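Engineer: This structure is in structure tokens; I'll ask about it shortly.
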Amino acid sequence: MPVKRVGVIGLGNMGVGMAANLIRAGHEVTVYNRSRAKVDALVAEGARPADRVAEACTGDVVLTMLADDDAVAGLAFGDEGIIASTAPDTVHISSSTISVGLAKHLTEAHAAAGRGFVSAPVFGRPEAAASAALFVVAAGPAECVDLAMPAFAAIGQRTFVISEDPPAANLKLSGNFLIGSVIESLGEAMALVDRGGVDKHQYLDTSTLFSAPVYRTYGALIAGGQFEPAGFAAPLGHKDIGLVLAAAEELRVPLPIASLLRDRFLRLLAGGGDHLDWSAVGGLAARDAAASDHSA
Ligand code: NAP
């Protein structure tokens, strides 16, 4: 793969590993982050620092890995934003998990400005980002996706190119809905067996019905009650379930389990869970069961 000049904007739990792997793959990487300390850490690994968004927008591609719709819109639009700052040949890759509405808005705004845009959200937690093991779901014009491919190869183990229309990559949201459903149901099943006197780790080992990584990863976190530090913070999980429900509302698709999950996230956050991993939703059923000891 040819060396590319890559800008990375957003060095949170995910972006920091993605940028490091782009550097390791031999690309020339320029990094921007709202808070400067994270930039300095990557400069030590060989990145060039950007003091302003615009300085990260002049390479072959600029990859954004920001928290949510507000963060992406805040840096993409406006006189000093990404769209106004990219060179004509620079392709913007948005890897954040964002709303369908914003994906459409970004698609239209890039097209109106004559700029390339690829929506490429990812599956995988920070450990996968750090080890270049993400799954990338990419959608955008073929020539833009082709330009972005070396960057995808550096951050992930596999890239699925699903459409020429960027908002199609929002199928990622339905994946997070499925993971959230697994977290809740695993939490309920483990609260039950724990109450019945079975060791939760042993239960996981003997529960051979489900060997998929999502059960193994989240089962271990829930069984061990390891919800800190947050790899995927609970407010971001709450955000994603909200985005799923917004898409369902628009398309008039009832999603009763997603509605339930929204309330479970609200319960977690109302109880002070902002700093926890989203898998802490899987600890709620055990807390409810313990609470029932005092209510009899
Ligand atoms: P994170 O650790 O919270 O990092 C968020 C990044 O966005 C930081 O660089 C933060 O800057 C920046 N940011 C937030 N608000 C901003 C604003 N208003 N203006 C400018 N910059 C802002 O999040 P993450 O876990 O890396 O996730 C990033 C995206 O990937 C999210 O959309 C998430 O849903 C998605 N995702 C996450 C995972 C996961 O397991 N963590 C997996 C797949 C996809 P500061 O450093 O200055 O705060």
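Every residue, even glycine, has its Cβ placed from backbone N, Cα and C.
Just lifted these from TrEMBL, have a look:
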- 5-161: domain '6-phosphogluconate dehydrogenase NADP-binding' (DOMAIN)
- 170-281: domain '3-hydroxyisobutyrate dehydrogenase-like NAD-binding' (DOMAIN)
Engineer: Summarise the domain '3-hydroxyisobutyrate dehydrogenase-like NAD-binding' (170-281) as counts of helix, strand and coil residues per DSSP.
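Structural biologist: Summed by class, the stretch gives 82 helix, 2 strand, 28 coil.
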Engineer: Would you mind giving the whole-number mean pLDDT across the domain '6-phosphogluconate dehydrogenase NADP-binding' (5-161)?
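Structural biologist: Its mean pLDDT is 97.
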